[in-house]
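Quick look at what TrEMBL annotates:
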type	residues	note
BINDING	8, 25, 36, 45, 49, 80, 84	substrate binding site
COILED	4-31	coiled coil
DOMAIN	1-88	domain 'Chorismate mutase'
DOMAIN	92-267	domain 'Prephenate dehydratase'
DOMAIN	277-354	domain 'ACT'
SITE	260	site 'Essential for prephenate dehydratase activity'
């Protein structure tokens with residue numbers, strides 16, 4: 001046995017001891033979690049962490065190791081905080097926007113009993129899922145009239161999360177104004193750009209100034225605060241009651257079948273389902289995409305959807321989001337993924353879930 005083998009043997013034995021101690025430490029952390037739940041205490045206790053670092057550094061005799069050990073302790077405590085958040089937030093679901101926004105409405109339909117946490121942006125929702133602040137996040141993925149939400153699709157690629165459910169929400173856009181206002185009083189209409197576009201047919205020829213707003217519910221709140229009969233908002237009916245507004249015109253969206261599909265994201269891949277989604281990057285050469293599609297066809301799988309998105313920092317190159325009927329845990333589906341990896345630059349599983357038929361919803 002060489003000196004290197006001896007050193008590695010020592011490291012393996014020490015790692016085994018550390019693994020046992022790590023489990024004991026995490027079990028102690030669980031007791032801390034239980035106490036914090038009872039007392040309503042926050043996860044982060046900065047003074048306690050500073051004390052732990054200062055106290056434990058005294059056990060390191062060789063000064064050259066102290067900085068590394070300090071970093072080691074900081075990493076251990078970061079793991080502890082993340083685990084505490086995951087346990088404490090098992091029943092918390094996040095959405096983008098404010099109460100009354102369509103994301104909030106969808107969230108209450110899918111998770112009626114869960115605590116809700118709102119975030120300023122879609123990316124904040126993704127970050128919260130990854131960091132363990134919330135168990136699930138719900139975000140709009142595509143609209144039957146305006147198409148996919150490109151930002152959300154890009155975030156699915158950027159963050160290590162999985163799609164674990166989807167939900168179709170029938171969208172009814174309504175023109176809301178100050179009580180007593182009439183359609184002929186309106187001069188400015190505020191709403192999210194997608195909502196304005198979805199209501200294009202109603203708005204045409206009325207001479208309204210169309211003003212984009214970050215969120216439909218925020219637009220309704222703004223109009224209520226302005227208390228000006230010349231201003232109106234396009235939003236869900238729920239906002240009329242919430243902000244004391246009147247419904248000046250109902251169901252103004254051009255398409256009577258206007259529906260937004262929301263996806264629910266989580267940290268774990270679901271163990272089963274009847275549909276799975278992939279992100280695929282093919283070589284930038286003629287016939288590469290056809291080769292990938294032929295593999296899917298040869299295995300007899302049905303594609304529900306395929307969407308192309310540009311790859312950041314790689315001009316004129318694209319990745320493809322693909323939804324396929326099947327259970328990702330089965331042998332045939334696993335074989336499909338492996339064969340795709342043989343001809344693609346990258347293949348990543350983005351989710352697996354059970355999709356209800358439109359008639360069942």
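Including glycine, each Cβ sits where the backbone N, Cα and C put it.
All TrEMBL annotations are machine predictions without curation.
Binding of substrate is attributed in the record to 8, 25, 36, 45, 49, 80, 84, and the widest Cα separation among these residues amounts to 41 Å. Within its own chain, the coiled coil (4-31) is flanked in space by residues 76, 80, 83-84, 87, which lie at least six positions past its ends and keep a Cβ under 8 Å from the stretch. Cβ packing within 10 Å was compared across the recorded positions 80, 260, and the lowest neighbour count falls to 80. For the pair formed by residue 8 (substrate binding site) and residue 260 (site 'Essential for prephenate dehydratase activity'), distance between Cα atoms is given as 56 Å, rounded to the nearest Å. A Cα-Cα distance of 45 Å separates residue 25 (substrate binding site) from residue 260 (site 'Essential for prephenate dehydratase activity'). Annotated pair residue 260 (site 'Essential for prephenate dehydratase activity') and residue 84 (substrate binding site), C-alpha to C-alpha distance, rounded: 34 Å. If you take the C-beta of residue 49 (substrate binding site) and look for same-chain residues 6 or more apart in sequence within under 8 angstroms, you find 77. Sequence-distant neighbours of residue 36 (substrate binding site) (same chain, 6+ apart, CB under 8 A from its CB) are 42, 43, 84, 88. Contacts of residue 45 (substrate binding site) defined by a Cβ separation under 8 A and a same-chain sequence distance of 6+ are given as none.
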